[in-house]
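Below is one structure; the comments refer to it alone.
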Amino acid sequence: MKLCILLVVLLITVVRAEEDILENEAEDISPAIKERSARGCIGRNESCKFDRHGCCWPWSCSCWNKEGQPESDVWCECSLKIGK
């Protein structure tokens, strides 16, 4: 009987400690999530030249050069990538 009570107390202690750990992790992660949602994301066919990871899901940043243009003149926009 004493062993059963000890196991119940141990289980309660572990569960409470786990809740505290999860709460602390949520507090650490939430500023990054708030920053991302405050900044928003880049929509379809909008330029992503200066933020290549900022496209809204399911879009991704695709960049290319137009023929005859210098390599420094890159065009980027959010679009669906099909294939690779």
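The backbone N, Cα and C atoms fix where each Cβ goes, and this holds for glycine too.
According to Swiss-Prot, the signal peptide annotation covers 1-17.
All protein chains shown were included, and the count of other CB atoms within 10 Å of the CB of C41 (disulfide bond) stands at 16. What Swiss-Prot records for C41-C56 (among others) is disulfide bond, and it gives similarity to another entry as the kind of evidence.
According to DSSP, C48 (disulfide bond) sits in a coil region rather than a helix or strand. Residues annotated as disulfide bond in Swiss-Prot: C48-C61 (among others).
Counting every protein chain shown, the Cβ of C78 (disulfide bond) has 22 other Cβ atoms within 10 Å. Annotation comment: Swiss-Prot describes C55-C78 (among others) as disulfide bond, evidence class similarity to another entry.
Under the heading disulfide bond, Swiss-Prot lists C63-C76 (among others), citing similarity to another entry as support. Cβ-based neighbour count (10 Å, all protein chains) for C76 (disulfide bond) stands at 18.
Using a 10 Å Cβ-Cβ cutoff, C56 (disulfide bond) registers 13 neighbours.
Of the recorded residues, C76 (disulfide bond) and C61 (disulfide bond) place their C-alpha atoms 6 Å from one another. Fewest Cβ neighbours within 10 Å among the disulfide-bonded residues C48, C55, C61, C63: this applies to C63.
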